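The annotation transmembrane segment is assigned in TrEMBL to A:22-44, A:75-99, A:120-149, A:155-177, A:189-207, A:245-266, A:304-322, A:349-369, A:402-426, A:446-463, A:470-492, A:512-534.
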Ligand SMILES: Nc1ncnc2c1ncn2[C@@H]1O[C@H](COP(=O)(O)OP(=O)(O)O)[C@@H](O)[C@H]1O
Ligand SMILES: [Mg+2]
């Protein structure tokens, strides 16, 4: 088949380019699964604690929304409830970005044209990318099976759970293959696919919330929206609870359909073109664009708007769910303990709210990293060179980017606190008071985000070529320390590495000025290092 | 006072020695061609002149200031067209031009609109949809819309069609007329010949020639074909004469311009019937300097090449075209 000529060669190229990423993915997910399974086994060692966990999880709408439906009291079922959503989201996003990277991004940069002029069939690049990425998902699933079974879980359930997660990866591989045909830019393709991930999460959450609790109280039968979400399918396999193997056919079917659609679309369009036509725009610039600040706002506003919508929806739903939290805690001392560990303090509602605000601060950290890494993207593209050849100093340019990211972070934090407060206040009858209080509490997380901004800036100044990898790694380390550090019983010294460790968990505890001042000082030092290093280095480098 | 003055400039990237003692002098008001094979260090030099890269050692002055320390102040007085233009993908071409112009300190709106028209550029399209040539036009329009003292152009026309090339040349002449100085890195020899008052040729990070085109021509041998009544003898013994051979009763040879006089004195004795003398084409000049044998080319102004360089291939003009080993340089 001439349309596939060169596929093997291109697949080897994909493997070569991504050998490190793929290794981290394929080895990292099983390792994470193994560690999580072990720690869950420690927290819920016997039938009695697991019975309690399952009953609470099945009756709590919050648990259903964020952990998915629980399926019985097997240790494996608890492990799945605690880990599935996180692992599935990671795998979904990794698959999505990998597909775009090896298809649309190549077209956007012109690399595909270079390859296409050689003996390479029309479908070869897409096929090569899909082969490698589906392969990576498969290998990761096999290793995850080994990891789960190795952690002492039943084999059949381990296979089902790992296949469920691999299936999510495969499903989003198919979706990304289609979005890569639609959008002209890699950014656009990723945004479309990531939006599909978000939509899948919401559909699954809705389906699980609307589902029914089984008669024995330890199971949830999801409603139909979960069935139209690729993220939901993995739960419907019911690993460790009478596995329904046939559900695994759904991601495979989606893969076949997605690939067929992607090929059909690829057939219909030119190299480099998309199906969503780019719009035209103004012939002259509005005066407000004509400064580094104006440009930074223009570059950020789309991203910021997307984040704002996501944060607001999540904030409202978490706020509304807070009230229900009391009931859940009463029924589950183990969960109470976990929440206490996350937020500390006596009042459990406040501990919950503090934990949610902490989660928002972590998530918004990703916005800060994303926003600041634009400078590096501009440098790699060559746009930075053109900009710095004008009468704008490096300090002003970088300072503007940091300022823009900081203002964005403030806006998102405030929005997170206010919407959570509104949601909680609507249920308890004091929307305005709660909005103000939680809005303020959320803003106290800003110093941690400033430290993130400082870390990215310092990396950009000192090790520009490593900016992207190191910045995301730093955030991931902070995330893992914050979310899993307590569960994994890491020493305090390790936890202290993360700026989030030092933010007072308001409203669960009283605000304290000292840690915030210290964080702000650390941030200022990191920013100063970053700017100074940037002023003294080559551009581009 | 020279507008650009570089002496013994060195820049390394790890183990790569991109600039190895480069010299470059550009006088006020001239269009200076900056030539050299790919990877010889042109873009690196230009980036140092813009304060984007930091030099390892050597002197560099632009408009009387240090390009690294006074970058911002200098940038108000110059405009730059990068070799590989990339733009903000989600801005329109018009927005990008206005932005670059404003960041530089302001642009002439009338000129901007006129240039858009002359370069036939649609300013409402997003930069991500532009071809390479159109991105280059955006950078060129943004640069020439700014009335500055110095234009630094790094292979600005490599993606333009011949029509646009002509518009570009008009613009360079216009800013020169207005008193500006232009540093033009280029591979388009016709463009260099049409525009440049002086050129500098670099190779592997060093300047190998610098001067007006006429001066440079003097450094390269002239091809002479002569038909005489009697067979010519004794030419090999003359200084500065090379590569003598006979084809169909005609003698082909090459001579260094300084020794032309002696050659003619000798030829006259054999009854000259026809004589053609072909000065080196620009292409031959460059091929000689771009060629693989640095010993033959790096010897500097007064030196006589020890062995025939690539430019001396072929005895007549016609042959030279056919035999030139790298005829594709144009
Ligand atoms: N950032 C860099 N890192 C490493 N090597 C570089 C870098 N920039 C340029 N070089 C090297 O320096 C040399 C000169 O490059 P350049 O100035 O771009 O040449 P030109 O513009 O004349 O084609 C080349 O060998 C190139 O590979
Ligand atoms: Mg160059």
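Just so you know, glycine gets a Cβ as well, placed from its N, Cα and C.
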Within-chain partners of the transmembrane segment (A:512-534) [C-beta distance under 8 Å, separation at least 6 from its ends]: 394-395, 398-399, 402, 444, 447-448, 450-451, 453-462, 499, 502-504
Contact between the transmembrane segment (A:446-463) and the transmembrane segment (A:349-369) (3 or more Cβ pairs under 8 Å, separation 6+): yes
CB contact flag for the transmembrane segment (A:349-369) and the transmembrane segment (A:75-99), at least three pairs under 8 A: no
Highest-contact recorded stretch vs the transmembrane segment (A:155-177), from A:22-44, A:189-207, A:245-266, CB pairs under 8 Å: A:245-266
Stretch among A:75-99, A:120-149, A:304-322, A:402-426 sharing the most Cβ pairs under 8 Å with the transmembrane segment (A:245-266): A:120-149
Best-contacting stretch, by C-beta pairs under 8 Å, relative to the transmembrane segment (A:22-44) and drawn from A:75-99, A:120-149, A:304-322: A:120-149
Ranked first among A:75-99, A:120-149, A:304-322 for CB pairs under 8 angstroms with the transmembrane segment (A:402-426): A:304-322
Residues from the same chain, set at least six apart from the ends of the transmembrane segment (A:304-322), whose C-beta lies under 8 A from its own: 61-62, 65, 191, 198, 202, 349, 352-353, 356, 360, 363-364, 367, 408, 411-412, 415-427, 434, 438
